[in-house]
Amino acid sequence: MNLELLREERPLVHHMTNEVVMNFTANGLLAFGGSPVMAKEPEEVEDIASVAGALVLNIGTVRKEDIETMIKAGQAANKAGVPVLLDPVGAGATSFRKNAVQRIVDEVDVAVVKGNAGEIAALADIPLNVKGVDADESGDAEEIASRAAGKLQTLVVVTGETDVISDGQERLTSSHGTPLLGSITGAGCLLGSLMAACMSVEKDHKKAALFALEFYNRAAERAAKKVGGPGTFIPHLLDELGKADG
Ligand SMILES: Nc1ncnc2c1ncn2[C@@H]1O[C@H](COP(=O)(O)OP(=O)(O)O)[C@@H](O)[C@H]1O
Ligand SMILES: Cc1ncsc1CCOP(=O)(O)O
Ligand SMILES: [Mg+2]
């Protein structure tokens, strides 16, 4: 994965995402070196998705009518060879969300599904306690990732204290990061944006996902050393995302 190339190209990442994290995600992706655009108007999503470097579909505050639009955008991305990342926010919380994800993966060729353990477990039909958009960390993330990858037939990323990437056969794990990421909203959503930006320049999506995970979590570790709590963590995280890895 060539970060210099990404920063030169500044890939456009089309987001159809939730209202909670739009600003934070846009700032984080800009700091990292990508170019965010948030757009969900049915009349324009195909035009934007087909010229983007990657498309993020995030169901955090999705409404019934948005699902059709996401599918439309996803299919336009597929036609143009633009990779699609799906973040199944809160998928374990309601059957509406779980069904929304199922419809999207049935109708769109999704390259990566990235979520926390509770969300991905729900998609793999593994029972776990889920409270809203936050994860229950009691499950076996490796097992959850493998089962979900098999069921969804996509690359799956399960986030948490240890992150797992699975394509159903091979599993990669990464244990960087800081618990402070769990004390701000949008930590997972921003990771998805960075991953999508990396997928636009690195066609081996497993490599792109691992690079994004490690880069992001190491930046968060450095930021955590400089702060006393979640309020000051956010600006330090943005600063660290703009630096070289290390
Ligand atoms: N306890 C933890 N220690 C270290 N890193 C964590 C911890 N919990 C989450 N992370 C990191 O925070 C980011 C968001 O993960 P997570 O909290 O699982 O997602 P979400 O915000 O979607 O629930 C990931 O990069 C993950 O590696
Ligand atoms: C709090 C909340 N509610 C609906 S979407 C959302 C943001 C979730 O962000 P993340 O999954 O990155 O924690
Ligand atoms: Mg999330």
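Using N, Cα and C of the backbone, Cβ positions are placed for all residues, glycine too.
Just so you know, TrEMBL annotations never went through curation; they're auto-generated.
Residues annotated as substrate binding site in TrEMBL: Met38, Gly186. Among the features that TrEMBL reports, ATP binding site is placed at Lys114, Thr159.
This view paints the features noted in TrEMBL onto the structure.
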| residue | record | DSSP (3 states) |
| --- | --- | --- |
| Met38 | substrate binding site | strand |
| Lys114 | ATP binding site | strand |
| Thr159 | ATP binding site | strand |
| Gly186 | substrate binding site | coil |
Neighbour tally for Gly186 (substrate binding site), based on other Cβ positions within 10 Å of its Cβ: 21
Lys114 (ATP binding site) versus Gly186 (substrate binding site) - Cα distance in angstrom: 13
Sequence-ordered binding-site residues from Met38, Lys114, Thr159, Gly186 with Cβ under 6 Å of an atom of ligand 2: Gly186
Cβ under 6 Å from ligand 1: qualifying binding-site residues of Met38, Lys114, Thr159, Gly186: Thr159
Rounded Cα-Cα span from Lys114 (ATP binding site) to Met38 (substrate binding site), Å: 19
Residue among binding-site residues Lys114, Thr159 with least C-beta crowding, 10 angstrom cut-off: Thr159
